[in-house]
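Per TrEMBL, the features are as follows:
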TRANSMEM  26-47  transmembrane segment
TRANSMEM  53-72  transmembrane segment
TRANSMEM  93-117  transmembrane segment
TRANSMEM  129-146  transmembrane segment
TRANSMEM  158-176  transmembrane segment
TRANSMEM  229-250  transmembrane segment
TRANSMEM  271-295  transmembrane segment
TRANSMEM  311-333  transmembrane segment
TRANSMEM  354-374  transmembrane segment
TRANSMEM  386-405  transmembrane segment
TRANSMEM  506-528  transmembrane segment
TRANSMEM  540-561  transmembrane segment
Amino acid sequence: MEQTTGCPAVGSSYPQKNAEILSSQYGINLFLAGLLLTFAWAVHAVGISKSHLLSYLITLMLIQLLWMLWYLCRSCTQRRLIQDKDTHAGARWLKCGITLFAVITLILDSFKIGYYIDFLNCLSPTEGIFPVTHAVHTILQVYFLWCHAKDVIQSFKTLERFGVIHSVFTNLLLWTNGVLTESKHQLNEHKERLITLGFGNISIVLDDHAPQCNCTTTTLCSIFSQGIYYLYPFNIEYHILASTMLYVLWKNIGRKVEHHQQNKTPFKFHGITVGMIFGLIVLTSTIAIVVVYLIQIGGSKIKSELALTMFYLHAIFVLALMCTAGIVALLIYRLEDRLLDNSKNPARKLDAELLVGTAAGSWLLSWGSILAIICAQGHPKYTWYNLPYSILVIIEKYIQNLFIIESIHREQEKANDDIKTLRIVTISRGNTLSLTPLYKEIYNGRATHDSSDVHCLFKGSICGRENYGAGVAKEEMSQDNSLVMNSASDFPFYSRNSVTNNKRRILKNIAAFLFLCNLSLWIPPAFGCRPEYDNGLEEIVFGFEPWIIVVNLAMPFSIFYRMHSAASLFEVNCKT
């Protein structure tokens, strides 16, 4: 274990680079072993049961718990030492988001414990130990992230690299387990719905992992089993957010931080009323569409087709609005001349990579749907709506990615010193009257009233203390008239500032609107409204099993993209 004191940069870089490579390879192998075990359980491999998978996950969580406890104890002993912090990492709104998902995850764990108690006679003990361990892991991890997500670790760096990367891939495996369990449930429902749409030529074999015994309390078992699958989307988002925050912590180990004061950018509702209203309309209508969809789909062929048509028309309208808003925002950026911040920032780099990487999931599904529509021999009427929907999904994410990535890389606009210090003063009958209230847009409603000592800075001239004696009244009046006339030449500057404020207001409204739209588009796939499963055309063209594999691989990334975009747009709104 090495503690950095003042070692030469070149001499210390090699062992640290080796430690980074070794720890990353350790994490990848840890993940691949768990992934293979998860896959073996999913396909009912001989000799592999769910208890083996859960035992592996429990072991990983216990190791992470030990490391977090050690780190927390060591941090308490070094509390008086000044530690470097990455001000860009672990934003407060991100911590609040992960806390919300963690609370719902704890509810999910309690449902699993209740489910295990009801099926105690035929379930493995690991299925009872797992939710208990997971609950403790969730509580401690959220506390750890709240307290230490911004840390830039400079001591025991090799050990910490392995501890943090272990935590990253443990969360990724828990995310994979949640995705697989939720996907298997969705797949069983999907197979049953295909019959109502007339695709009887597709073999329907349910993948059942249900316990082979009767429940002690039928009503509670039904509540627990159904509630678990409605809570899984929040559990999935919790683990992927935790893994990204921990990854940024891993990248920051040993990093030299530039010490500068970061401007705080709190979220304000002022000035984004229009964007919020339209966004809330989209959110409300989306929730209504999802409820109707889940009720109608699978009821009968006519009801299922109407549900799919309704979903596509609503999604087309929303995506078209989002494309328009994104284009307007990019045009405003093109009209501005502002530099980009290209400084090293692991959190910002990860945000951009995740946006493009996870967007590829929905792009894959969209291109698959477009190809199926082109190649299919028969086309039910509702499938034609899938074509503009798939095209708009590709275009919308392309535009939105450009807007978000450029927004998070733009330097924040600095306030002009002249605006902060400029004061226009008139003197009438021995009284000082400020004209500042006439320019609320420039001075933010602040006026200076000082009858004895007025300081003003205007075009490099400094007006000091004024003597208000009666003998110099004429000279003061002439100076005042000159000052007011000189101010007329600066009205173009005021006009430019007003235009800039209008642009910022438009951008904030666009960011707020897109934020709510992305939350709206996260809801349907997260809660079972997935036309990629239900329209049946892709299964005919590609085959049932190949298309289902594609959907199960791509859908988690598509769902995560919407939540990550919403988080990024929230940050954009705060910074604008």
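Heads up, the Cβ atoms here are built off N, Cα and C, so glycines get one too.
Automated prediction, rather than curation, is the source of TrEMBL annotations.
By the Cβ criterion (distance under 8 Å, sequence gap of 6 or more), the transmembrane segment (311-333) is not counted as touching the transmembrane segment (129-146), fewer than 3 such pairs being found. Through the fold, the transmembrane segment (53-72) approaches residues 30, 33-34, 37-38, 41, 124, 126-127, 129-130, 133-134, 136-137, 140-141, 144, 147-148, 160, 163, 166-167, 170, 173-174, 177 of its own chain, all at least 6 residues removed from its boundaries and within a Cβ separation under 8 Å. A contact between the transmembrane segment (93-117) and the transmembrane segment (506-528) is absent, since fewer than 3 of their C-beta pairs, 6 or more residues apart, lie under 8 Å. Note on the transmembrane segment (26-47): residues 53, 56-57, 60, 162, 165-166, 168-170, 172-173, 176-177, 180, 184 of its chain, located 6 or more positions outside it, place their CB under 8 angstroms from a CB of the stretch. With a threshold of 8 Å between CB atoms, the same-chain residues lying at least 6 positions outside the transmembrane segment (158-176) that come near it are 1-2, 15, 19-20, 22-24, 26-28, 30-31, 34-35, 38, 57, 60-61, 63-64, 67-68, 70-71, 134, 141, 236, 239-240, 242-243, 246-247, 249-250, 253, 556. The transmembrane segment (229-250) is not in contact with the transmembrane segment (386-405), judged by fewer than 3 CB-CB distances under 8 Å for residue pairs 6 or more apart in sequence.
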